[in-house]
Amino acid sequence: MRVGYPQAGSESESVEDRMSAELDTSVVETGWLPLMRQWLVDAVEADAPEPNAMTLSTVDDGGRPASRTVLCKGLSEDGVLFFTNYGSDKARHLDAHPYASANFTWLTLARQVIVRGTTERLGAWASSQSRPIDSRADLDEQLREVAARFGVDGEIPVPPNWGGILIRPDSHEPGRRTVVRRPSPAVSRLLADTTPLENRDYRRLWTAGIVTVIGAQLSVVAVPQQVYEITRSSAYVGLTGIFGLVPLVVFGLWGGALADVMDRRRLLMITSIGLGVTSVLFWIQAALNVNNVWLVLGLFSVQQAFFAVNQPTRAAIIPRLIPGRQLPAANSLNMTVVQFGAIAGPLLAGVLIPSAGLQLLYLLDSIFLLATLWAVWKLPAIPPTGTSRRAGLSEVLGGFTYLATQKVLLASFVVDIIAMVFGMSRALFPEIAHESFGDPASGGFALGLLFAAMSVGAVLGGVFSGWLPRVQYQGRAVLVCIALWGLSMVGFGVAVYFASPGSSVILLWVAVAFLAFGGAVDMVSAAFRSTMLQQVATDDMRGRLQGVFIVVVAGGPRIGDVLHGGAAFLFGTGVAAAGGGFLVIVGVVLSALAFPAFVRYKVGRAV
């Protein structure tokens with residue numbers, strides 16, 4: 001018997017190549033039968049289709065190989081048992097050449113077992129298996145004849161020429177390569193599904209995103225920190241929300257329409273270059289110590305304009321690269337890598353700001369963008385589908401008209417707006433780090449922790465996201481996650497309210513824990529909402545709806561920046577954060593009442 005186990009290989013390896021890697025001898029010390037039985041149990045627990053199916057290969061009358069799929073009906077020390085009609089082709093082949101190979105393949109577990117050996121009989125009415133039947137009418141006629149023979153309308157007795165054939169393994173070939181052990185099925189169902197990474201184009205984009213997001217997050221920290229450094233006011237930091245929101249709305253909607261009428265690869269390349277140029281300009285103004293808050297805000301607006309076109313284009317590309325069934329896993333992977341970079345970025349920023357200043361953060365952002373430019377350059381052309389159109393106002397309005405007919409998608413946008421507008425308190429982080437947790441005004445360790453906390457939670461949520469594809473009622477899952485997000489923001493605000501410099505180390509970690517929990521549930525909510533959009537929307541509408549999605553996802557927090565900045569000025573940072581979380585919970589309840597279709601939404605009904 002030969003036992004195959006997959007190994008990591010090069011891009012040129014086929015699935016068959018990787019599946020043929022042999023198991024290390026230490027795995028089969030107890031013999032092939034316990035391993036085989038355990039893997040069958042694993043396949044059943046993992047819901048593998050037809051886990052006892054095997055490909056049976058024989059030699060036909062002309063000496064050529066012949067293969068077909070049969071079901072294994074027994075395993076013992078004697079061998080592998082299956083049943084067949086002794087008048088079938090495979091039985092005749094084995095009579096003439098009593099040697100067979102059976103290949104068990106469980107793709108969901110990336111495992112296979114090959115059994116080779118001699119065969120022997122253990123010893124159907126209508127079917128001489130493997131022999132051609134001229135038509136369905138002929139098969140029905142044979143069935144009527146057999147039913148008439150037994151005088152029954154229901155179950156027909158097993159014919160006397162039906163029996164078992166045993167494959168006796170005559171060789172054992174334990175492998176010579178070390179196995180990278182895969183987790184058990186229970187763990188596999190919990191951990192992230194990495195199947196989309198088998199696609200080269202998607203894998204390049206995903207890998208480049210790790211580096212690029214770190215750079216982008218350096219700027220996410222640098223911009224509000226520079227504004228606070230210049231003005232010493234959270235209200236001015238809140239203005240970044242307005243300066244980011246306007247271009248985000250305008251160019252997000254227009255960019256989505258562009259993604260539906262232009263080659264998406266070309267559009268993604270143009271906007272990625274624009275983001276890089278903007279980062280270079282940020283670096284120049286910081287290096288020259290211009291210290292003009294309006295220049296910073298203006299550059300931020302330009303950056304957000306490019307971002308607003310870039311993101312819906314990128315999201316609309318994904319369904320053209322991978323099959324629909326892999327979209328939940330791909331969305332989870334995307335968000336996980338984004339949040340991983342979002343952890344490293346703020347933490348790195350917390351270290352670099354005191355030692356190297358803000359200019360290095362902007363410079364690294366522009367350098368790291370080169371990874372994305374490489375990944376986009378390697379993409380194939382992705383032209384628009386359908387008839388040729390222009391990205392005018394009518395196309396933008398057409399997206400809203402279409403959205404109005406999709407109540408589930410509309411509800412997903414509404415609940416996310418509620419979550420981000422009232423619950424996202426990131427504009428308060430510089431003041432909270434300085435006033436509540438004792439950071440210097442120029443930023444420090446607490447600032448990095450606050451910015452990284454939600455991303456830490458999101459990464460953990462992504463790593464343990466294997467269960468997401470099995471959730472059927474995704475609308476309910478989104479509502480629960482957003483309610484938990486609101487609850488986490490209440491806890492964060494309470495921790496900030498009672499904190500004070502010099503005696504707040506414990507409360508700092510409590511606040512970070514609440515933010516991390518909020519990041520985890522927000523990642524789950526975002527994965528479901530992205531999947532709904534990609535599966536429900538048609539390809540000719542995906543760009544425009546992704547534009548709306550980006551406006552909501554990125555625009556909501558910017559509105560939240562403005563509201564939280566004003567609320568903090570009036571009531572203090574702790575009250576602003578906790579009060580926003582409470583409003584999120586109220587908004588979720590009202591949304592569930594206003595959109596019953598969203599509560600009832602089940603995957604199979606809409607796709």
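The backbone N, Cα and C atoms fix where each Cβ goes, and this holds for glycine too.
Some features that TrEMBL has for this protein:
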TRANSMEM  205-223  transmembrane segment
TRANSMEM  235-255  transmembrane segment
TRANSMEM  267-286  transmembrane segment
TRANSMEM  292-309  transmembrane segment
TRANSMEM  330-353  transmembrane segment
TRANSMEM  359-379  transmembrane segment
DOMAIN    391-607  domain 'Major facilitator superfamily (MFS) profile'
TRANSMEM  400-424  transmembrane segment
TRANSMEM  444-465  transmembrane segment
TRANSMEM  477-500  transmembrane segment
TRANSMEM  506-528  transmembrane segment
TRANSMEM  548-571  transmembrane segment
TRANSMEM  577-599  transmembrane segment
Under 8 Å Cβ-Cβ from the transmembrane segment (330-353), and at least six residues away from its ends along the same chain, one finds 192-194, 196-197, 202, 206, 209-218, 220-222, 225, 318, 322, 360-361, 442-445, 447-452, 454-456, 458-459, 461-463, 465, 468, 519, 523, 526-527, 530-531, 534
Suppose I define contact as three or more CB-CB distances under 8 A, residues 6 or more apart in sequence; do the transmembrane segment (400-424) and the transmembrane segment (477-500) meet it?
yes
Which bits of the chain, at least 6 residues beyond where the transmembrane segment (267-286) starts or stops, bring a Cβ under 8 A of a Cβ in it?
215, 219, 222-223, 226, 255, 258-259, 292, 295-296, 299, 302-303, 305-307, 309-310, 313-314, 317, 357-359, 362-363, 365-366, 369-370, 372-373, 376-377, 379
For the transmembrane segment (235-255), which recorded stretch in the set 359-379, 506-528, 548-571 gives the largest number of Cβ pairs separated by under 8 Å?
548-571
What else in the chain is close to the transmembrane segment (444-465), if you only count residues 6 or more beyond its ends and a Cβ gap under 8 Å?
190-193, 217, 220-221, 225, 332-333, 335-336, 338-343, 345-351, 353-354, 426, 429-430, 432-434, 437-438, 508, 511-513, 515-524, 527
Sequence-remote partners of the transmembrane segment (506-528) [C-beta within less than 8 Å, at least six residues beyond its ends]:
328, 331-332, 335-336, 339, 416, 419, 423, 432, 436-437, 446, 449-450, 453-458, 460-462, 465, 468, 471, 474, 477-478, 481-482, 484-485, 488-489, 491-492, 495-496, 498-499, 553
